[in-house]
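*Asks:* So that we are looking at the same thing, I have put the structure below in structure tokens.
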Amino acid sequence: MFDAFTKVVAQADARGQFISTSEIDALAAMVSGRNKRLDAVSRISNNASTIVASAARELFAQQPALISPGGNAYTSRRMAACLRDMEIILRYVTYSAFTGDASVLEDRCLNGLRETYLALGTPGTSVAAGVNLMKDAALSIVNDRAGISNGDCASLSSEIGTYFDRAAASVA
């Protein structure tokens, strides 16, 4: 996992060049938006159980076969595993949002996840639907202007959305 600064240095070094003005400008913009990033990560982290619970509730309302006898989330043990997995994905999305880099999400969470779900017989489309529901809930919290640093959060919200999109695509 590399933070944005380390990644820029590594890329410049690989090219055998100095860090470009455009790279410096991009990093400066990232630093100036750091408070918004911290606010967003804090909000998602502080509301993680609500995000997971509301996404799960909506997922099971949309796909009741999951919680019916024989469903992948039937029995409290399987339900707990489902909620745990949703929480883990959300946690790694916050790590990526915090660092501004998806590699931690890709390397430590998503790598091999589809294969694991296939081996367990868990429908990837249902997992992807759950991730998308978490995305909706998390972005709703992030985009709530009350008590957040002044400024436009559209690009940050879009970035966070891409982390959820990566997670959903990796299991679908």
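Backbone N, Cα and C define each Cβ position, glycine as well.
Checked Swiss-Prot, it gives:
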| type | residues | note |
| --- | --- | --- |
| MOD_RES | N72 | N4-methylasparagine |
| BINDING | C82 | (2R,3E)-phycocyanobilin binding site |
| BINDING | C153 | (2R,3E)-phycoerythrobilin binding site |
*Asks:* Write out the long-range same-chain contacts of N72 (N4-methylasparagine), meaning residues 6 or more apart in sequence whose Cβ is under 8 Å from its Cβ.
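*Replies:* Listed in sequence order, they are L66, R78, C82, L120, G121, T122, P123, S126.
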*Asks:* Can you name the residues of this chain that are 6 or more positions from the residue listed as '(2R,3E)-phycoerythrobilin binding site' yet have a C-beta less than 8 Å from its C-beta?
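*Replies:* Expected: K36, A40, V142, N143.
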*Asks:* Inside 10 Å of the Cβ of C82 ((2R,3E)-phycocyanobilin binding site), count up the other Cβ atoms and send me the figure.
*Replies:* 22
*Asks:* Look up the residue listed as 'N4-methylasparagine' in the DSSP assignment and reduce it to helix, strand or coil.
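*Replies:* Its secondary structure by DSSP: coil.
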*Asks:* Work out the three-state DSSP category of the residue listed as '(2R,3E)-phycocyanobilin binding site'.
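*Replies:* DSSP call for the residue listed as '(2R,3E)-phycocyanobilin binding site': helix.
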